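First comes the structure, then the notes that go with it.
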There are 2 protein chains.
Amino acid sequence: MIGRSPVRVAVNGYGVIGKRVADAVRLQDDMELVGVCDVASDWRLRSLDHKGITLYGASEETARSMNQAGLAVAGTLKALVQAVDIIVDCTPKRVGAANVQHYRARGIKFIVHGGEKHAVTGHSFVADSSFTTAVGRESTRVVSCNTTSIVRTLSALKRAGLLKRARGTLLRRATDPWESDAGGIMNTLVPEGEIPSHQGPDARSVDPELDVVTMAVKVPETLAHLHYWVVQLTRPAEKEEVLQAFRESSRIALIRTADGLTAINTVKELMADLDRPRDNLYEVALWEDMLRTEGDELFYAYMVDNQAIVIPETIDAIRALTGLASDAHSSIARTNASLGIRQRFF
Amino acid sequence: MIGRSPVRVAVNGYGVIGKRVADAVRLQDDMELVGVCDVASDWRLRSLDHKGITLYGASEETARSMNQAGLAVAGTLKALVQAVDIIVDCTPKRVGAANVQHYRARGIKFIVHGGEKHAVTGHSFVADSSFTTAVGRESTRVVSCNTTSIVRTLSALKRAGLLKRARGTLLRRATDPWESDAGGIMNTLVPEGEIPSHQGPDARSVDPELDVVTMAVKVPETLAHLHYWVVQLTRPAEKEEVLQAFRESSRIALIRTADGLTAINTVKELMADLDRPRDNLYEVALWEDMLRTEGDELFYAYMVDNQAIVIPETIDAIRALTGLASDAHSSIARTNASLGIRQRFF
């Protein structure tokens, strides 16, 4: 890698994920953020100037609107694509799939996110599990927040030879904190209409060997998802052996109710106290003292910050596709160091 | 039963459960509500006059306070106990256990609720499962809302020879709708600190044969609990066979998302539309179209109205202890008819 010039990265879509990817790319010394592209011209893009990030419009028309709104625009997506090695698509669900032909026509590498189907790229990415098969590819899909957490945790159990099958109940946050009109619910619980929910099959798009079934329900809060798992182990195991398996993953942080971390809001507050940007929790925060084994059964719960968990995966995916790293271990270590990812918070 | 005079019933504690038990007792033609006892003197007891229910004070001092507040008081708990055959204790957790010696000293039968431990009466009650062993006893404990729903559903599977073991994740409503300062939470999720949660062992206090483990989490809503289950069956079974097992229980109502019943608030609204008092949902409302079998595994979700589900059980418990009925079937049928309990809502 020594002497290699930084990989030039673009981010398309400056929303919940895109803004975090942009920040994270700027923290990598082997990457350069060339610019971000969006379609809005309101407050959401007004902080780019403050941050020194270059803005592009999705089309000529968008660029004109941005200009008229007083935003400095460097050009259109077409120009941005010509100036980079790889683009990270963080546009809303299904928009990304439509953008893909554009990226392919320009011959650049690209990453889509979990809102798109596996077939859009033919490869689904979680660094712990599918880094190697992504190396040098044209594209990959960084899977959703829920799926990322599932693959991280179940892969850890699998590597330890403990995983037989896993059954999870997923409490999904209703909407993102900044939203006021997209899916917010109050004083109710809204089951996903289908059992199993889509996350189980989605995890198998990363690792087809995982025997996993999920059920999901939307709950009236905005902070994070919360997963409860019943795992059938390959054999009876003690709690400590399971914890050790989770400790082998650098992106699972063990937390304890005994430390007062009794709810998802306290964990988010801790992230702020640790000076994390946007209170990001990149790790799966898994309650060590709640975890229980009974014979060959394992029970545990963890928290998933749906806004932040896929950010380190996206950084690793950039390294895999562009050949900045050829093995998961070195990329993960580099990403973790840059974002301050840790296995214990104190 | 013909010619037998109604059993005289008292209710101690006019809260969420007590007020519903009182209403339900008054709907039974083999029971007479002699009066209710409480310790408050505020708005909570002001509707008794409107309803024509006689009020007693827990102590001389309470009775005086009630009098001073302008409430009509017929006497103290001591007098009420002497005028009845059975008392249903609906006082807060642990208060009931303290009251028990008082009931025993007076030689009357009594029922406590799920906030008390099994040892307080030595018998735990769900009509579907433990009616017969309660017949003629001095006392029983009607188990909590969550436990009642667990025993109803798992007993149905057990009777059909399908139940091997069941693992549930319980989303618990944060507080009761009328409360404003007891446990309400906002924009967070609060796991119960221990896995397994207490409901699994509690279900075994009714039926020691049930192999059941539960995990629980408090969610920011007030309407109802929601349970998700993964059940290992004794053998592979089709969905229809499982549904038929649930249909054999008269207190499980099958509902469908296809009818627009997509969330717990819509089910509560339906109860209001059906002219149920206080929108009570006495049944376990189980989503028929979400239920799924995969080989020898079963997945499903249901809703538990924590304010209402134990009311029919309490009525049946009165019949069992006082000998008004000697078998579950006749009592359940009578209770169901009086409360309008049904297996389909339309």
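Keep in mind that glycine also has a Cβ here, set from the backbone N, Cα and C atoms.
Bear in mind that TrEMBL entries carry predicted annotations, made automatically and left uncurated.
As recorded in TrEMBL:
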- A:7-145: domain 'Glyceraldehyde 3-phosphate dehydrogenase NAD(P) binding' (DOMAIN)
- A:D38, A:N306: NAD(+) binding site (BINDING)
- A:C145: active site, nucleophile (ACT_SITE)
Give me the non-local Cβ neighbours of A:D38 (NAD(+) binding site): same chain, 6+ apart in sequence, Cβ-Cβ under 8 Å, ordered along the sequence. A:N12, A:G13, A:Y14, A:G18, A:R44, A:L45, A:L55, A:Y56, A:G57, A:A58, A:T62
All-chain count of other Cβ atoms within 10 Å of A:C145 (active site, nucleophile): 24
The residue listed as 'active site, nucleophile' to A:N306 (NAD(+) binding site): how many Å between their Cα atoms? 5
For the residue listed as 'active site, nucleophile', what is the secondary structure state per DSSP, taken as helix, strand or coil? helix
Are there any residues in the same chain, six or more apart in sequence, whose C-beta is under 8 angstroms from the C-beta of A:N306 (NAD(+) binding site), and if so which? A:C145, A:N146, A:R173, A:D176, A:A224, A:H225
When DSSP is mapped onto helix/strand/coil, what comes out for A:N306 (NAD(+) binding site)? coil
